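Take a look at the structure below.
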């Protein structure tokens, strides 16, 4: 008679020894040793071993059932004679009495195990198989747990979870919108963020809002980007930027304590945008290690090295970064290409021994006494010193990329901590777009200028500052926020500076300008990219590893083969004609 004692594979334990149980799951492997068959059956909780004796009527069925088939087994739990310490259930096995095949599996296209042989695109094509791997299941399960920790903290701190629409209005926010055609021959747009909605909720008096929001951006993809992604979106009324940052810090303290049982180093480090560029060559620096960029321009005032002399006289920059390791030539070639990819004309280097120059690409043309003074002043002893000489923006960008690469090519980089949070503050209000030949918002057009630049931001945009703040974790921007403009005249002035005329302002943003006429509180907020946070917390190589069904690096869903063509009938019904 069948038992009702259904047990998950990973939950077989000492309390069940001698009892009859039912387990249901997938066959990980089966092997015949003499007169016995050993079957490893797994489910989402783990693996358990099943033993089938030769005289058992299901012996041949078990032997012939392929891996990854779905089965049900009834049997008696007993202690194993040879314990497998790598398994949670390694002390136990199940003596099979009955066997049922639910679904027979074909041979999978790759090994379904953590150290799989499947390349990423193949695994994405068969994502339902990839998600059987324990590491992937843990990622997806932990995603839900971590999101719920964020939600729990915010609810406890009087934030209201409010959903905003997916079918929205097209707005110029820096990336391309996904447009949704309708039968009325008009279009919705999928939101790049709930920015305007959450500001309107502040006008509505909702005080503290949050949402686990889906966002959509049709832009170039990188290792840490997806066309659709999830944000923890937050907005508050009447709080200062420092008060918002304090809540955020407490939120991460709570999440990391609950998930990892660790105490984060607090308060989070603060750094101005200009210092981040000056010392790290990045607006999202990884501060787990030092290796700061050095301004060495003045050391070369009297050099005979023509390139550096020319840079000094033209009032450009000679910057350098040092690593306490002798970087091999093969890796130097990689760094040279990396510098060129970041607009530098070249990368010079010197090997330093005991505070003196020993060799390198410019060792024959640079004065040794200058290098010795640099080493003495900056306490450089043994390692490799890299130089870029160019315009300031280029030297910092190139050396910032090289500094970041040190982690991958040198084993001597000393990480000070596992998780290094950093607030980057004092942002410029605008950045200059070489492509558009004009100033654009560094964050978005709703960002409040600082009090010092409130009257001059549209006359002197290069020096305009924003009350904006980014949160960086281990060299990744995980969140960005600001205080918002809450005056309709100031908001209109901002739109006009950004190139919108009166009719465009009315068409695209008339609703928020009108809302601001009916009493709007000072407000501000922040939004966090869930996938980037998870990628760091769960130590994965890509955000695709923490999304159940992601797109690949080209924005293609290989499982569903989308984006895909649409029938002419569907296009005709929507009044759309595609150009060839």
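Each Cβ is built from the backbone N, Cα and C atoms, and glycine gets one as well.
Model, not experiment: these values are computed from the prediction.
The annotation in Swiss-Prot ties 217, 218, 219, 226, 529, 530, 531, 532 to ATP, and of the candidates under consideration, 477, 573, 579, the one tied to the same site is 477. Here Swiss-Prot gives region 'Aspartate' for one range in the set 191-194, 195-198, 199-202: that range is 195-198. Here the binding-site residues are 217, 219, 484, 530, 532; the one with the fewest Cβ atoms within 10 Å of its Cβ is 219.
Rounded to the nearest whole angstrom, the C-alpha distance between residue 532 (ATP binding site) and residue 217 (L-aspartate binding site) is 16. Here residue 477 (ATP binding site) is compared against the binding-site residues 217, 443, 484, and the shortest C-alpha distance is to 443. Taking only the Cα positions, the spacing between residue 443 (L-aspartate binding site) and residue 530 (ATP binding site) is 19 angstrom.
The sparsest Cβ neighbourhood within 10 Å, among the listed binding-site residues (443, 477), is found at 477. On the backbone, the CA of residue 484 (L-aspartate binding site) and the CA of residue 530 (ATP binding site) stand 23 Å apart.
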